[in-house]
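*Asks:* Let me give you the structure first, and then I'll get to my questions.
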């Protein structure tokens with residue numbers, strides 16, 4: 001700057017100066033004023049850099065003369081910005097919504113961004129006006145303000161420490177903060193390994209006051225799950241649930257305080273282990289031996305839906321790309337990427353379980369992430385498990401699971417078409433290759449036995465999900481007994497054995513997979529150390545397998561020895577469930593009684609045998625020499641599987657009264673009623689073909705098929 005003109009010879013913004021490139025302030029806007037061309041093109045804030053050489057030194061001479069120097073106001077660029085070469089500081093707090101931090105650096109694409117930009121400009125104007133008023137105050141007022149500000153700051157610090165000891169927002173006023181240590185430790189030792197989404201600092205008692213003040217939602221979710229299986233904490237569990245309901249209302253209403261990554265993590269934790277307090281909102285008719293099953297599924301479906309919406313609101317979907325998040329600090333990047341990954345997995349799992357469409361319709365996992373992309377899950381000591389590798393294995397299996405769902409169960413019409421035409425075999429063969437490659441890649445994974453068991457369970461259930469389609473297709477193509485037939489003997493769907501059918505190999509694999517799931521849950525898992533703390537989806541995997549084997553036996557796919565073997569496997573599993581149940585509300589206690597109703601009580605009461613031996617090709621009577629009643633009723637009814645829609649409609653219209661109230665299902669009504677808390681309407685044959693939004697039948701329709 002020259003004293004004669006008062007104009008600077010050359011000016012540059014801080015970003016161009018740090019990069020040592022020419023700063024073009026003439027091409028855009030007013031000459032010599034920001035923004036420059038580079039900052040404008042890249043959508044960054046352009047701030048003129050201060051002078052580092054030369055300048056007007058008259059203020060020093062004025063000071064020596066005894067005058068009052070005029071205060072110089074100059075925008076100073078923070079040191080962090082000069083080091084990174086950016087005009088705006090990085091946002092390293094994971095709780096700041098990206099919609100607020102990225103508004104000025106991205107194009108205006110929707111009304112929400114316009115509103116946030118307007119609010120940001122208004123806030124900036126208020127700050128400038130406040131600074132201007134502060135500069136106009138007298139020295140005495142400034143001294144008084146600094147003194148009072150120091151006092152108020154001290155008061156705030158002490159007050160915040162006291163408020164942090166009993167944070168009312170989380171419901172922890174009912175518990176001494178020092179007593180939270182055992183609950184956090186219990187969650188870490190029992191639940192955390194199955195879904196390690198909760199950050200380490202949340203489970204640390206050292207930072208409990210800070211966690212309760214900054215991330216109350218996820219802390220409350222952790223405490224809710226930690227107290228759900230402990231009867232001595234029942235009162236605390238209910239109080240925490242009341243507090244959680246208020247927080248959930250804030251999320252539903254879109255409160256700014258709820259727009260954090262911790263809320264997404266907490267919702268996924270609640271969905272994986274639904275709290276027992278939800279039973280207090282059930283109807284009296286639903287509180288049967290297993291009426292909570294449908295309630296838990298519905299609660300998990302809703303919670304995961306909220307988590308998906310929150311994740312999209314926070315723009316977590318962009319972390320499915322490596323390039324989109326490369327400019328963010330490591331701690332924030334890894335936490336957000338981990339939250340989106342578990343959101344994707346939870347969405348796929350609950351959608352397939354419920355027979356509904358996928359919520360995540362965006363980029364999903366566009367990059368093939370490996371264990372190195374999740375360093376926060378890597379083992380820090382020799383005795384810790386490699387959670388990052390487990391997550392990679394789960395992602396790869398979930399991708400395969402979801403693709404099979406889209407191919408085989410895209411819609412009801414497509415599923416029926418594939419079964420009738422037989423075009424599904426190529427998908428089954430490709431899936432077998434994918435499963436074999438996955439098994440070979442992860443068979444030697446060095447983790448704890450309980451984590452290895454979880455991967456094996458998901459692998460075997462995926463096998464059942466794939467090959468079970470062939471079993472249902474074989475049933476749908478098998479000729480059924482006409483409604484007006486006088487034939488008394490039921491006809492097996494496999495009169496010449498399983499291998500005599502075109503899909504014999506896949507049917508054998510599906511039966512083997514169902515047995516493997518039940519064996520692992522009955523023989524390989526510790527009931528009180530691990531089985532008790534599994535999520536509800538693993539218990540439903542076992543229910544699916546048990547019902548599938550029951551159907552296979554009823555259709556003649558199992559001979560007498562195989563039927564007895566399946567009954568023994570389920571008996572061991574039900575005994576394990578009885579040992580795992582910590583209270584009558586526990587899902588293990590309910591499923592134990594349900595499976596006993598389906599398999600063991602009928603086995604002991606009527607000594608029922610399979611419908612027909614796959615070897616001998618004839619009906620095996622019971623000890624009294626008569627055909628079992630359930631089998632006789634089933635075969636007099638039309639085929640309850642996927643048959644030609646035209647034939648089914650014709651039979652339904654011509655003789656609707658034939659179905660009556662006898663029921664199409666081979667499954668005992670008490671089992672279905674106990675599982676879902678309601679009585680199935682089986683008078684209409686089309687009710688057994690009840691599909692979800694994208695075609696995959698849920699467990700209720702699977703039971704009655």
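Including glycine, each Cβ sits where the backbone N, Cα and C put it.
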*Asks:* Which range is it, out of 124-172, 173-221, that shows up in TrEMBL as region 'Disordered'?
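*Replies:* The listed stretch tagged region 'Disordered' in TrEMBL is 124-172.
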*Asks:* With the ranges 55-108, 271-324 to choose from, which does TrEMBL describe as region 'Disordered'?
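*Replies:* Based on what TrEMBL states, region 'Disordered' spans 55-108.
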*Asks:* Going by DSSP, how much of the domain 'Zn(2)-C6 fungal-type' (12-48) is helix, how much is strand and how much is coil, in residues?
*Replies:* 12 helix, 2 strand, 23 coil
